[in-house]
Each structure stands twice: as structure tokens, then as C-alpha cells.
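Chemist: Marked as compositional bias 'Basic residues' by Swiss-Prot: 1-10. Annotation source Swiss-Prot lists region 'Disordered' at 1-52, 484-505, 664-697. Under the heading compositional bias 'Basic and acidic residues', Swiss-Prot lists 11-34, 665-682. Positions annotated as repeat 'Pumilio 1' by Swiss-Prot: 113-148. Residues or ranges marked as repeat 'Pumilio 2' by Swiss-Prot: 149-192. The feature repeat 'Pumilio 3' is assigned by Swiss-Prot to 213-248. Per Swiss-Prot, the feature repeat 'Pumilio 4' maps to 353-388. Residues or ranges marked as repeat 'Pumilio 5' in Swiss-Prot: 389-429. The repeat 'Pumilio 6' annotation in Swiss-Prot covers 533-574. Among the features that Swiss-Prot reports, repeat 'Pumilio 7' is placed at 575-612.
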Amino acid sequence: MPREKQKRGRRAQEKEKREENKRKLEDDHEEPALKRQRPSSEDQAEPADYIPLDSGEHEEQEIPVADQNDTPFYGLLDTEEQEYFSRAAEVLELNQFQTAEEQSIFVESVYEEAKGKELKIACSQSCSRLLEKIISLSSTDQRRRLFGKFLGHFLNLVQHRFASHCCETLFVKVAPALSHKTHNAPKKQIIEEEGNEEPSLSLADMFLQVISELEGNWGYLLTERFASHTIRVLLLVLAGEPVDLSSHGSLVASKAKEGVEVHRIEGQERVVSTKHHAVPDAFMDVLKKVMADMTAGLDDTYLRALATHHIGNPVLQLLVSLELSHFGKSTAKDSRSVLRRLIPDDTMEEGSQSAIFFTGLLYDPVGSRLVETIVRSAPGKLFKNIHKNIIRERIASLSRNEIASYVLVRCLERVGRDDLQTDLEMIIPEVPNLIERSRLTVPRALIERCLIRNIDTTPLAKALQESLDKDPAKRLQQLLEVNNTDGPAEEATPSEKPVQGKPKTSPVLLHKSLFVQKMLEAPGALSELVYSGLIATSTDTIINMACNSVTSHVLQKALTAPTSTTQFRRQFIPQFSSHMKQLALDTSGSHLVDALWDATKDIYFVKERLAQELADSEHDLRDSFIGRAVWKNWSMDLYKRRRGEWKGKAKGLDDKVKALNIGGEKPRTKSKLDLARERYDASQKSAADRSSIGTKS
């Protein structure tokens with residue numbers, strides 16, 4: 001059967017493509033010219049093989065409209081540039097620099113390569129993280145130059161998915177240097193590539209210029225997905241407040257924020273941004289104006305709607321907090337203040353507009369965060385009305401609710417002794433239900449506040465004892481779920497394995513562990529409930545608890561807490577005998593072994609027995625990183641070579657000598673010559689005294 005005649009080869013394929021494009025072009029010229037429309041998202045997702053040509057008249061009319069609506073595009077890095085910055089990121093990750101000077105030279109070389117491409121890198125998905133790391137390792141002058149490159153583009157950068165993170169890092173790292181005086185750059189320090197001199201503006205002036213760039217857009221940026229985080233950082237910097245981007249519980253960290261770790265050379269200076277920093281006096285006026293502008297265009301209804309908005313709520317929290325902490329509690333009386341607009345009636349009487357709004361936020365996952373901020377920062381009069389008219393009437397239901405319980409905890413942290421005593425009596429009937437449902441946030445806060453306010457915790461201990469089993473061992477199982485801690489290996493299913501190799505911890509078990517640790521701090525019946533349970537628990541269960549990262553902290557607390565008695569430790573510690581090797585080689589168990597060193601100061605014979613077990617396993621311990629740390633903490637080299645000195649150290653005699661010796665210096669042993677000099681001086685002094693007495697007589 002004859003085959004169809006086909007042309008083969010690259011040239012034939014190119015010829016067919018040219019003919020096909022020619023046919024399409026001829027067909028398009030026959031159709032009437034239509035007005036060009038902005039492509040939809042579906043059209044943008046598909047690659048366009050052919051773009052139709054419009055007449056010049058339509059093109060001139062439509063291009064300005066597109067420029068007004070589209071986000072500015074700063075271009076893409078070419079292949080060679082991508083490869084260079086990828087290799088630079090790998091070099092930083094390996095961190096094989098011998099000195100800090102080598103690292104600074106490398107950072108400067110990256111800046112040289114990035115000249116003129118700073119905006120491209122900041123908007124690049126693959127290179128923006130590298131820029132964040134470089135900013136963290138840069139000097140103040142390098143950051144100032146980069147700041148100057150970003151000026152004029154911040155309105156677009158703060159709304160960009162990747163560039164916004166670079167802006168945040170730049171603001172945070174530059175903030176501690178705001179109080180430094182700006183020196184005039186010499187003529188040699190001129191950027192030659194584009195003929196632009198090093199920015200003459202000070203860092204404070206640069207921040208003020210950022211504010212002017214964003215001015216007029218605050219209302220929109222409050223709820224913008226990426227810009228809201230950067231706006232919060234900017235507000236904190238203006239206020240001189242510490243900014244911690246790594247903390248997921250902070251007001252500025254995103255839930256999906258990926259940590260950008262920076263490896264530093266030993267001895268390299270690190271700028272700590274978790275402390276208050278000095279800011280120019282003009283910043284306070286700017287901060288007040290910015291906060292006023294943010295809410296000036298919003299009516300009260302929309303402002304209250306931000307309380308339940310998942311993006312606007314954190315900004316609203318920050319505005320309330322900064323308003324009350326930096327401009328005084330008296331600002332709450334100003335009708336234009338954020339707090340006054342949210343809560344116009346500070347009496348908080350039942351049925352009032354303020355009470356209805358406040359009550360509606362108590363059980364809302366987002367709104368309750370704002371309530372916590374208000375409770376923590378509100379003036380005393382407003383807080384007392386909130387506690388009296390809203391919290392106390394609903395205290396039972398608040399303690400049972402998973403979300404509202406955190407608001408109750410904030411109230412317990414602030415109330416006085418008499419009010420705390422009343423709240424304790426009202427919450428105690430709910431304790432059995434809370435223990436059964438593992439809602440331990442409120443009971444733990446109650447114990448903590450009672451210890452601070454010096455309130456008797458015996459009624460709380462009785463309520464706990466009645467809600468738990470009478471058998472001490474079973475009681476501890478109910479408190480800690482020790483049956484679920486089956487061993488040192490905390491394996492997770494493939495789908496549950498966490499990112500970055502961190503072991504996944506059960507939130508319920510973590511809360512129970514923290515609750516039991518807080519019980520151990522309370523003297524009397526509360527701590528006795530735990531101590532009796534530990535003594536009654538089997539050795540296998542105790543060892544499993546010691547090898548669990550969560551329950552191990554309970555055992556460490558039981559051994560080192562001030563409420564721990566010598567009698568308890570003498571009964572409890574022998575359970576670890578013959579298990580020291582297993583514990584010393586385990587990540588969690590090794591911390592317990594370290595705690596045993598301090599816990600056995602007054603029971604030396606037990607410490608000596610445990611040390612002998614470690615000495616018998618010397619080879620295995622020295623082969624393990626964790627084991628070597630235990631070997632060092634127990635001074636096992638001293639144990640093997642100079643047993644007498646180790647004995648004194650094990651009994652804590654060295655600490656007593658250091659406490660008696662001022663400054664911790666070793667007392668100098670006097671030589672025979674020093675003693676002879678002292679005797680001679682004493683004899684000379686006595687002879688002089690006798691001669692003076694004879695002269696007087």
C-alpha cells in the first residue's frame with residue numbers, strides 16, 4: 001500500500017509553521033478589528049502561540065489603560081544569573097567560611113553581581129530567600145544602599161508575594177541602626193555602574209519616604225494579603241518596639257512563613273531585634289498620623305468588621321496595643337481613638353452596643369484575639385467593667401470553651417487577689433469536666449496566678465482528687481496518658497510527618513505535661529498528687545516516660561522542683577538504676593540523666609552507683625554525641641582519675657566553696673616565706689605598741 005509523501009527534517013517543519021502562521025494572519029485581516037480586551041485568568045494560564053495584531057489607533061488608546069491596572073514588572077533574571085544566585089544560596093547554606101571576613105567578602109561579591117537587578121531578585125521566587133539571607137548578613141551601609149534601591153517602589157513591593165518578605169527583613173535589620181548618626185559618604189564610594197551616588201538620605205529619612213510612598217493607600221493595605229504583614233512590621237519599627245519574625249505567635253509572623261535560617265561565624269556580631277530600639281522623636285508624630293490615617297476613611301461599622309477579618313484583625317490588634325502603650329491610657333477617652341470607636345460605652349452594661357459587640361467576639365476564633373489584646377491593654381476602669389459585667393457572668397461557659405478560655409486566662413492574669421479568689425471558687429465546680437475533656441488551659445493559669453497572689457490551692461487539689469481515680473498510678477495515667485507513651489520512638493505516619501524533621505507532638509499530651517509541671521510547683525496537696533503517682537508507677541512506664549520528649553519534662557521537674565523532697569528522691573531515683581546507658585544514649589532521656597546529677601547531691605551513695613553504670617558503658621557513650629555530653633556533664637573523666645575530687649564535686653562542696661569565696665576566685669595558699677613575714681610584722685607591731693605605752697607612763 002503506498003504511503004503518504006511526508007517531508008522530514010527541521011527545515012521542513014519550520015516551513016510548515018511559517019505557512020500556518022501566514023494563513024492565520026490572512027484570516028485575521030479579513031475579520032473586523034475588535035477592541036482589545038484584558039485576558040481572563042483562564043486565558044493567561046494557557047500559553048499563547050499566536051498574538052493577533054491590532055491597528056495602531058486601537059493600540060494607542062488601550063495601552064494606557066493596561067498600564068494603570070497592571071502591576072509593574074521588573075523583569076526576569078536570565079539563565080546565567082539564576083545559576084549564579086543559586087550557587088550563592090548553596091554556598092551560604094553550606095557555611096564553610098573560615099572567618100567572618102571571608103563571609104563579608106562573599107556577601108559583597110553577591111551585592112556586586114546584583115547591581116541593577118535588586119528589584120528582579122526581590123520579586124524572584126527562587127532568589128528572594130537568598131536576598132533575605134544576604135540582608136541579614138549585611139553591614140549597615142550595605143543595607144542602606146539596598147534601601148535606596150527600593151525607594152520609589154515600596155507600594156508595589158509590599159504587595160508582592162516574595163518581595164514583601166524582603167521588605168520585612170530589611171525593615172527589621174535596619175531598625176537598630178536608626179539612632180546612629182549618618183556619615184557623609186566619601187567621593188570614592190560612588191556606585192560607578194549607573195552613575196548614582198550612594199544614598200545621601202539617613203535611614204530615618206528613608207523610613208519617612210516609605211511612609212510618604214504608602215500614604216493614601218493605608219485603608220486598602222490593611223486587608224491586603226501580603227502587605228498587611230509588612231505594614232505591621234513598619235508600625236513596630238516606627239514605635240521602637242521589638243520585632244520577632246521567627247515567632248509564629250507574634251503579630252507579624254505569617255502562619256505559613258518559612259523560616260530563613262542564617263548561619264553565622266563564631267564571634268560575628270549579631271543584631272538582636274527582640275529588644276526595644278531608639279527611634280527619632282519625629283517618628284512618634286509620624287506613627288500617630290499613620291495610625292489616624294489608617295482608620296480615618298473607615299466608618300465604625302467597617303472598623304468593627306475588621307475584628308473578625310482574618311487579615312485585618314492582626315493589624316487592628318496592633319493599632320489598639322500601640323495606641324494604649326505609646327500614647328497613654330487617656331487616649332481611650334478620645335472619640336477618634338480606635339478603642340473608643342470599637343467600644344464607645346465603657347460601662348459595658350448588659351444590652352449595650354459595646355457589650356453586644358464584645359460578647360460576640362468571645363467565641364470567635366479570630367475576634368477573640370482582639371479581645372485578648374483589649375483585656376491586656378485596656379485602662380483599669382474599662383477592664384474592671386469588662387470583668388464584672390461580661391466575664392464573671394459567663395465564667396463557667398468561658399472556661400469550658402476551647403476558644404473563649406484564652407480570653408478568661410488573660411483576665412485571670414490581670415485581676416487582683418480578691419477577684420481571683422472569687423473566680424477560683426466559681427471555676428472549681430467545672431474542674432472535673434475540664435479534666436475529662438482535656439481543657440487544661442484555665443486550670444493551669446489558675447494554679448500559676450494563685451501561686452503569684454499567694455492564694456491557697458487546697459480547694460483546687462480536692463476538686464482534682466475527686467475527679468480522678470483513687471489509685472495513685474491510675475491517677476497519673478489519667479493526668480498524663482502514660483499508656484500512650486510506648487517508648488522513645490515517636491514515629492509519625494508518612495502523611496503526618498512534619499516538615500524540617502521535627503518530631504510531631506500531640507497537643508493534648510503537651511498541655512497535660514505543662515499542667516502537671518505547674519502542679520509540681522505548688523506546695524502542698526497539688527504537688528503531692530503527682531509525687532505519689534510517680535512513686536506508684538512501674539519502672540517500665542517511668543523509663544518510657546523518660547524517653548518521651550513531652551513527659552520527660554515532668555520527670556525533670558519532679559527531680560529539681562523546690563517542692564521535691566529528699567525522701568521522695570530517695571524512693572524514686574533508684575528506679576533508673578540499670579537503665580542509665582539507655583537513658584544516656586536517648587535524646588530525651590539524656591536530659592533526665594543531667595537532671596539526676598543535681599537531684600542526687602544529698603544522696604551521694606545513689607549518685608555513685610549511677611556513675612558506675614555510666615563508667616561501665618564508657619565505650620558506647622564516647623561513640624555517641626549525646627553520650628559524650630552526658631559523660632562531660634557528669635565529670636566522668638574526673639570520676640575515673642581523681643575519685644576524691646569527683647566526690648567533693650558530686651556532693652556540691654565546690655559550689656559551697658565558690659559561694660564563700662567572693663568573685664569565685666580560688667583562695668591563694670600562703671607560702672612559708674609569707675607566714676614568716678606575717679610573724680615578723682606582728683612582732684614589730686607589738687614592740688611598737690609596748691614602747692608607746694612606756695613613753696606615756
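Including glycine, each Cβ sits where the backbone N, Cα and C put it.
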Chemist: Just to be sure I understand, if DSSP states are collapsed into helix, strand and coil, how many residues of the repeat 'Pumilio 4' (353-388) fall in each?
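Modeler: Secondary-structure breakdown of the repeat 'Pumilio 4' (353-388): 30 helix, 0 strand, 6 coil.
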Chemist: For the repeat 'Pumilio 1' (113-148), what's the model's average pLDDT?
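Modeler: Summing pLDDT over the repeat 'Pumilio 1' (113-148) and dividing by its length gives 93.
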Chemist: Under 8 Å between C-beta atoms and at least six residues away from its ends: which parts of the chain pack against the repeat 'Pumilio 4' (353-388)?
Modeler: 304, 307-310, 313-314, 316-317, 320-321, 324-325, 329-330, 332, 339, 342-347, 394, 398, 401, 403-404, 406-407, 410-411, 413-415, 419
Chemist: Within the repeat 'Pumilio 1' (113-148), count helix residues (DSSP H, G, I), strand residues (E, B) and coil residues, in that order.
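Modeler: Secondary-structure breakdown of the repeat 'Pumilio 1' (113-148): 25 helix, 0 strand, 11 coil.
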Chemist: Take the repeat 'Pumilio 7' (575-612) and count its residues per DSSP category (helix H/G/I, strand E/B, coil), listing them in that order.
Modeler: 27 helix, 0 strand, 11 coil
